[in-house]
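What follows is one structure encoded as structure tokens, with my remarks underneath.
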Amino acid sequence: MPLKDRIPMPEQDPKLRITNFDEVALGYTEEQALMEASRCLQCPNPTCIQGCPVNIDIKAFIGLIQEGKFTEGYYKIKEKNNFPAMTGRVCPQETQCEASCVLAKMGKPIAIGRLERFLADHEMYKPQQIETEKKNHIPVACVGTGPASLAAAANLAKKGYEVHLFEALHLPGGVLSYGIPEFRLPKKIVNHEIMLLSDLGVFIHTDVIVGKTYTLQQLRREFKSIFLGTGAGAPLLLGVPGENLNGIFTANEFLIRVNLMKAYRFPEFDTPIKKGKEVVVVGAGNVAMDAARTARRLGANVTIVYRRSRAEMPSRAEEVQHAEEEGIHMKLLTNPVAFHGKDGWVQSVEVVSMQLGSPDERGRRKPIPIEGSNYEIYCDQVIVAIGTTPNPILKYSTPELLLTPHGNIVVDEQYQTNIPGVFAGGDIVTGSATVIEALGAGKKAAIYIDKFIKGA
Amino acid sequence: MYELVDKELVAPDIWKIKVRAPHIAKAYKPGNFVIVLPHERGERIPLTVFDTDEENIHIVFQEVGKSTKLLGKMKVGDQIQDIMGPTGHAFPSQKFGNVVLIAGGVGAATAVPLGKHLHACGNNITIILGARSKNLVLFEKELQDISEKLIITTDDGSYGVKGFVTDALKEILSNEVVDLVLAIGPAVMMKAVSDLTRPLKVKTLVSLNSIMVCGTGMCGACRVGYKDGTVLTCIEGPELDGHMVDWNTLLPRLSMYKEEEAISLSLLDNESR
């Protein structure tokens, strides 16, 4: 019998979707979910689960979909992952669970992420039935409210701890709120999955900068243990001439204005954003794609400039595809060397063409400038999306906390820092990674925090 | 939500408000500021903390854009949506020696806590307090109390000496040994002060009032060219070395959203009509 194709994800038409911020991927209907799930072979020795950073019992939840048991399927996922509506949307399934599916060899793996999302969307607004251990009234703090801290908080709350989350901004969610755009991860969903944490008894404190409002030392007096999930929040810049001209944004600023502050609805919301006509986005990771697609929706003609070739793009393939469908141009093997402007505003990016040399220590071919190939790309806005680095605030107030030369927190194999009882995980430890890797780190750290407290 | 417990008009369009925020009041150090989100659909703006008491932070601001006008309209008992802080570096606790503290316009609100701090650290302080005219001279009494000498300048000569703060500074620099100049006020004033002290190699700190969004070093909105690179005012400032600041990029950045600010203001005016 020939292998059936994956059920395609219904999506907004590209022509329409570049005029709005509504979600692009619309989600499976029950019928589509049943059809896609029916393709799963229910392998006796499933390989997909090994591909999941939080070890969701994928075979079991898809089996439950096959039987039409959607509620049971949902709780099967929730045993391992408290945020399936978010991960079903933003996980790079194609390099994780779906890459490990036996059908991947034929190029048609089960659409595990889409099925995860289907169950979450189907069930998450119903009254939740999560079993938690009896409350032990032991206070634990999680600093930051991005994926790592949320996962740590959820798992500690389930074990009965009194968990307090601390967020510097006015809304929780970290990168889920300020970074990933509405059209990829609706904020209604982020808010809902975070609100479900409050149902588990987790307290969320916004407007608190740990390191400023309260020091880590103060928190240590109040809490038995502390998890630091502060992320890799500080923007990197190119460090080339003209980078502080008006009209040049870091991806973080651009996305925070649009996502967190809802500047795309200015003047209904007070935070403004500059709407460029010709926008250059530097970088080719997921954040670059998010920034490019956001600028497109604000009405710009957008060009992505990337110093390596298509094969090295760090972004998910689906994001690149969505960007190209939306009419975003790619200038590959191209690197900015300067920005030129007039009256304080950017007018062009001077770029140089690149070629790929021999592989570097990570196996990626190193881009080398081609001498004399400089030319200018005219633009009225630039968004620099070349990555982030750890935020230094905690470091300033906690000099005793051991860091790597890059500013990441050093932890042992049990996620504990050099300060006893203080744990850390997610991007602040590993550098920029994915949502699911941070969730996985928070979840594992919770196990060791529990052990630490019970052993103490 | 943060309750507005008291408000006082200090000068035309300039308010001092007291807001209940004991946790911020406790953590506050001179040099710190707060980020205020006036209402749910508002923007995050940096504001000066003028003083604190056990329960409250005292914020001084001038009605300029929509957000500050909305704050100015709030009544005692009203709730401010969000206040985050304190953020920014605390000012160093150091005895510099002879300090000239220059406060221009509403910058006087920041000069008071920093001046008190410098005074407490044993510095000899000369203050140059500048304003456009007499009714805009702020906090004269408070600044008088902490200074050896207070010089007032007004652009129109309606009070004190007619002229700019830089005129008064020039005279001091030619007659006295100055160990530190601290300038707080409009960016053009702080640039002029820095230009004046640079050839004389007098250490000069300025308190930058960059446009900010997050106030936590994440977004980069407040970045400014500094030395050979770029720093974020919110976490490396607000007090920075005036001789290292790239004023040529800072000044245009401050007016980046001029058009949008005008749109917001005109809509606000229409609403209140």
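Just so you know, glycine gets a Cβ as well, placed from its N, Cα and C.
According to TrEMBL, the protein has these features:
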DOMAIN    B:1-93  domain 'FAD-binding FR-type'
BINDING   B:V60, B:F61, B:Q62  FAD binding site
BINDING   B:C214, B:C219, B:C222, B:C234  [2Fe-2S] cluster binding site
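A distance of 19 Å separates the Cα atom of B:F61 (FAD binding site) from that of B:C214 ([2Fe-2S] cluster binding site).
Filtering the binding-site residues B:V60, B:F61, B:Q62, B:C222, B:C234 for a Cβ under 8 angstroms from any Cβ of chain A leaves an empty list. Using DSSP to sort the residues of the domain 'FAD-binding FR-type' (B:1-93) gives these counts of helix, strand and coil: 14 helix, 47 strand, 32 coil.
A distance of 25 Å separates the Cα atom of B:V60 (FAD binding site) from that of B:C219 ([2Fe-2S] cluster binding site). Ranking the binding-site residues B:V60, B:F61, B:Q62, B:C219, B:C222 by how many Cβ atoms sit within 10 Å of each one's Cβ puts B:C219 at the top. Those residues of the chain, other than B:V60, B:F61, B:Q62, with a C-beta within 8 angstroms of the mean position of the FAD site C-beta atoms are B:V10, B:I14, B:W15, B:K16, B:L47, B:T48, B:I59, B:E63, B:T68, B:V106, B:A109. Counting only same-chain residues six or more apart in sequence, the Cβ atoms lying under 8 angstroms from the Cβ of B:C214 ([2Fe-2S] cluster binding site) belong to B:I35, B:R44, B:A221, B:C234.
Taking CA atoms as the reference points, B:Q62 (FAD binding site) and B:C222 ([2Fe-2S] cluster binding site) are 20 Å apart. Cβ neighbour count for B:C234 ([2Fe-2S] cluster binding site): 28 (other Cβ atoms within 10 Å of its Cβ, all protein chains included). Taken together, the residues of the domain 'FAD-binding FR-type' (B:1-93) have an average pLDDT of 97.
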